[in-house]
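Participant: Encoded as structure tokens, here's the structure I'll be asking about.
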Amino acid sequence: MNFVLFCFLVWQFVNPGAAFDIKGRLDLKVRNVSRHDISRTYFNLYRIRNPNDDSEWDSYSQSSKLENINGEFTFSDVPIDTGINRTTYFTLHSHSNEFNLKPNRILIQIVGNGQDQEPNLSAFENRFGREYFPSPDITYPETLNPLPLDSANRLTITTMNKQPYRKYIKIRNPGILESGPIASVLRSKFKLAGVVTVIFLVLFPILLEKFDPETAKAMRQEKMHRENAKYVSK
């Protein structure tokens with residue numbers, strides 16, 4: 001029994017790697033997360049090789065989906081190096097069929113503090129084309145902005161303000177109120193005002209004749225007098 005315990009301690013000393021959970025949350029801002037969003041949103045995590053580490057390295061990847069309507073997701077038992085000041089890098093890719101997520105690429109940096117201590121996790125807003133570069137300190141073309149973690153030490157992913165939704169279905173035959181001359185009139189304030197004026201001029205005599213025939217008769221007589229006055233003056 002003592003020999004088994006001794007071998008276990010030696011293995012822990014030689015191989016300081018351990019499992020770690022990376023947690024995140026999706027914040028839609030415009031509304032709450034729905035069951036439909038859960039089925040159409042997912043995240044991929046890839047480990048990046050540290051160029052300063054000459055030890056044996058194996059590729060690693062993991063996928064995760066939203067767990068609940070709070071937008072939470074977790075990458076469980078992610079292998080990291082817990083040695084003191086030993087750094088492990090990951091890149092996180094965000095995918096959704098409904099939204100344009102921000103940041104779409106995240107560089108995750110985990111620095112070990114020893115076998116019995118919680119490692120330090122830092123995140124940076126990454127960009128397309130350099131998501132597999134394992135360092136936030138690159139000076140060309142630009143440095144990466146830190147991504148703040150929330151009170152529960154989770155990554156926060158949001159939607160882009162200018163393009164929050166994606167439309168994959170285009171209506172081939174829209175209604176008359178959405179396309180054509182009628183839609184053009186309804187979308188233009190000046191055209192709509194002109195049409196309303198013409199309709200009013202056409203309907204006003206008819207409505208006046210129906211609801212106030214005496215006034216309509218007086219107006220016709222006044223018009224006849226003006227016409228007769230023109231001929232008399234000539």
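Cβ coordinates are placed from backbone N, Cα and C, and glycine is handled just like the others.
Copied straight from Swiss-Prot:
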CARBOHYD  Asn32  N-linked glycosylation site
CARBOHYD  Asn85  N-linked glycosylation site
CARBOHYD  Asn120  N-linked glycosylation site
SIGNAL    1-19  signal peptide
TOPO_DOM  20-191  topological domain 'Lumenal'
TOPO_DOM  213-234  topological domain 'Cytoplasmic'
TRANSMEM  192-212  transmembrane segment
Participant: Roughly how many Å lie between the Cα atoms of Asn120 (N-linked glycosylation site) and Asn85 (N-linked glycosylation site), rounded to a whole value?
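Facilitator: The separation of the Cα atoms works out to 10 Å.
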Participant: Using DSSP, would you call Asn120 (N-linked glycosylation site) helix, strand or coil?
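Facilitator: Asn120 (N-linked glycosylation site) sits in a strand per DSSP.
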Participant: Summarise the topological domain 'Cytoplasmic' (213-234) by DSSP state, stating how many residues are helix, strand and coil.
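Facilitator: In the topological domain 'Cytoplasmic' (213-234), the DSSP-based counts are 21 helix, 0 strand, 1 coil.
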Participant: How far is it from Asn32 (N-linked glycosylation site) to Asn85 (N-linked glycosylation site), counting Cα to Cα, in Å?
Facilitator: 39
Participant: Cβ under 8 Å, sequence separation of at least 6 from the ends of the topological domain 'Cytoplasmic' (213-234): give me the contacting residues as numbers and ranges.
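Facilitator: Answer is 205.
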Participant: Which residues in the same chain, at least 6 apart in sequence, have a Cβ under 8 Å from the Cβ of Asn85 (N-linked glycosylation site)?
Facilitator: Val111, Gly112
Participant: Given the glycosylation sites Asn32, Asn120, and counting only Cβ atoms in the protein chains shown, which has the most within 10 Å of its Cβ?
Facilitator: Asn120
